[in-house]
Amino acid sequence: MERASCLLLLLLPLVHVSATTPEPCELDDEDFRCVCNFSEPQPDWSEAFQCVSAVEVEIHAGGLNLEPFLKRVDADADPRQYADTVKALRVRRLTVGAAQVPAQLLVGALRVLAYSRLKELTLEDLKITGTMPPLPLEATGLALSSLRLRNVSWATGRSWLAELQQWLKPGLKVLSIAQAHSPAFSCEQVRAFPALTSLDLSDNPGLGERGLMAALCPHKFPAIQNLALRNTGMETPTGVCAALAAAGVQPHSLDLSHNSLRATVNPSAPRCMWSSALNSLNLSFAGLEQVPKGLPAKLRVLDLSCNRLNRAPQPDELPEVDNLTLDGNPFLVPGTALPHEGSMNSGVVPACARSTLSVGVSGTLVLLQGARGFA
């Protein structure tokens, strides 16, 4: 039991337990999902023992600084002595949130989790302090299929992804990075992600097309099939096309929804040829008053819903497309017109206005579905 206690101390720092719940941790009746909210200044961390049998574990640390844990556990201990105990845990999905975490403690937790059957890891609202030590020669990486990061800051700046990557096995399939403090990476340090098929950079409004070029390290994401760029400050489809071409990224599905896109293309900008692999493009909620220039010549799916189109697109304005979605545009709704300049009326169909409330929920939810098929 003492050994298990040490393990949990490494994994502690979950989400949104009801304010009326007297205990910090709650395990459902099926022993499937366990949620802890340690909001007290001096929480009783032992309550987390309830989560030992759960498949999904969420731990929210209430913004506490976890540095005192370094005095209570040996983060440098050889985790192989815990291997059998860790393998017996049922946890497959782990969320850790709202804490200030020393990098040494994070590394200690990752070393222990490397012996677990964990497949999906979410880190959110964390401040990582200090630098991450290099991976020891005898250490094994964490075999994740999905890694999701939201509002995580790193003391190491642009090199954080490369430092974190060394603690992961190369089989990562889904990567989501939202509200990043440094969305650009140190590309010369980042190794390739050979198995990564879904990359979600949504909810980074300051990214922009120049930032996208810096984030898509050339030839480091060779297997990308799904790329989500919701609410990332993109300006034109052509600009995105150029960034993808420069990085050698050829997604099958591209989500540019919830960006304020311009329909016209800069005449001085070179023409960009989209990859023939792209067959699905989402341009919904983009404020478009007309079909933008520079779209791929052929698409299987094109979503132009919830824009500001005041007339049906002409055939010569559209690419060859099998599945076109135009729902929620003013020309389809009687009595809805485009706003005049300075008007308080947004010209947005009411149903679409309600849907924009979900903009904070990024494309991650869709992308993560592909990573849920673990054994």
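Placed from the backbone N, Cα and C atoms, the Cβ positions cover glycine too.
Of the listed residues (T122, T232, T336), Swiss-Prot tags T336 with O-linked glycosylation site; the rest carry no such note in the record, though that does not show they lack it. Note: Swiss-Prot links C51 through a disulfide bond to C34 (candidates: C6, C34).
Looking at the candidates C6, C25, Swiss-Prot gives C25 as the cysteine bonded to C36 by a disulfide. In Swiss-Prot, the cysteine linked to C217 by a disulfide bond, out of C187, C272, is C187.
In Swiss-Prot, the cysteine linked to C272 by a disulfide bond, out of C241, C306, is C241. For C272 (disulfide bond), the Cβ neighbour count at a 10 Å cut-off comes to 19, with all displayed protein chains included. Across the repeat 'LRR 1' (54-82), the model assigns an average pLDDT of 88. Cα of C217 (disulfide bond) to Cα of C51 (disulfide bond): a distance of 38 Å. Note: the Cα of C36 (disulfide bond) and the Cα of C51 (disulfide bond) are spaced 9 Å from each other.
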